[in-house]
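Here is the structure we will look at.
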């Protein structure tokens, strides 16, 4: 199926960045160059997909699914149920990490997947191998299948979302909606989990501090690493150490150096060239200058090979020295050696940046380091010394950061790795994808657990805001009711709205909203995007705006206040009538 590229393009410059400096993603040629030798083409699976937007990850194809999706599709086709119009909701039942909010992420990749959905000749061949007895007519049908008959509704990527509110609503032929299930869940679950984890860490770190994602080496493989860097940035990280994520997504890149850079020096003789030009172009010996300050300050007991390593790095980056100071002893060697080199750089017209703490009592060490910086700054009358950046890394996580805040610290930058990218506190979000309407009739899935019962029918969510500007409740409205008489219209500003708990009728509240936000919008229809894909920086900014509107008690780390997700009286009645009609009546004798 051919389609115009016009509404799908973003502004690009030659280096793949938009004019405002945010990333637009790599160009086709850049991706081809970056992918190196691989059996997966990150750009085109075949010539037919050339005019479409495509998933950024070459593994995201219709075959990235569970086998039973294909076997169900075959059965739907064989029983002539494949073209029946269906509606599916993708949502989650409980927010992660013991919290009350989630950040929705992964929508762009969902749209890319849906837009590019089709089976290549080779993929149809794989299906034939997996189901040898399937009829050729079914394979022919699959080879012509595309997403032109699908309509996709979604909340905005970066939205703060709550349990039971659909993140996506997929409408289309039953066979297509069913074939989407596993892939959509895969694309949304991890993305939203990481973005939420990053947002929670950002709340713990605070607005005034810098938060970096340093998790590449601990991530769950290359694909997990790239997704984690992307969605950590969306949720709150200010930068990443992941070079490829910087190249693909334009995420600000940050880094220091490793302990191996320090320990690879054993003495001054191994620094073959200690020369450095000052800002006027005059040549000096940086090691001799640093040793002079070492003698002057009485730091002669520090590890000399560490000083040599700092000098070597400073020669390379005279305005970018962030020294890792815990290789031997943070306060007895690392910090004093850094000060000596920083003083020498200052004399030459340069400014060191700061230090990184990677072990020990981060609260105590950061405060002791700051005190020493202040003393030296006053002694040499250098104002910026007391403002040196102190970076902390040491297996940080949300509880550790909160504890540091309680203890007090002088940390400026939190470099978070393992616990951010792997979501160690909770490994999965648990989104589900449920059929809620078939051929115009609402459907329900029952369970002994009330929270696993689906909310039937096509629904649109509205966020109702109170007088203080905070959201009070997300209200789910049955779309069929919105076209009926006036008593069943959508909520309106200034008018009282009855909001009911979906399963407990006694839990109800009347809300008079001062502002109403419709949460679901068509993002894909008739084979076309209905709006441009926003840049990652724009999604990130939207996420920050969303979080700033939520009441603090909903966001807090410990015992957050539950957020209300309600239904209208009409949807409540539909739900419970369908519930009663669907449950068999038991007989007793």
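Any Cβ shown, glycine's included, is placed from N, Cα and C.
Taken residue by residue with DSSP, residue 256 (nicotinate binding site) is part of neither helix nor strand, so it is coil. Per Swiss-Prot, the feature nicotinate binding site maps to 68, 256, 356; the stated evidence is similarity to another entry.
Residues annotated as 5-phospho-alpha-D-ribose 1-diphosphate binding site in Swiss-Prot, with similarity to another entry given as evidence: 418. Long-range Cβ proximity for residue 418 (5-phospho-alpha-D-ribose 1-diphosphate binding site), meaning a same-chain Cβ under 8 A and a gap of 6 or more residues, is found for 215, 218, 395, 424.
According to Swiss-Prot, the feature compositional bias 'Polar residues' maps to 15-30.
Summarising the annotation, Swiss-Prot assigns phosphohistidine to 259 and lists similarity to another entry as the type of evidence. Proximity of residue 259 (phosphohistidine) to non-local residues of its own chain (separation of 6 or more, Cβ distance below 8 Å) is seen for 324, 327, 358, given in sequence order.
Taken from Swiss-Prot, the feature region 'Disordered' covers 1-30.
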Tertiary neighbours of residue 68 (nicotinate binding site) (same chain, Cβ under 8 Å, six or more apart): none
Other CB atoms, at most 10 A from the CB of residue 356 (nicotinate binding site): 23
Spatial neighbours of residue 256 (nicotinate binding site) that are distant in sequence (at least 6 apart) but have CB under 8 A: 322, 323, 324, 356, 391
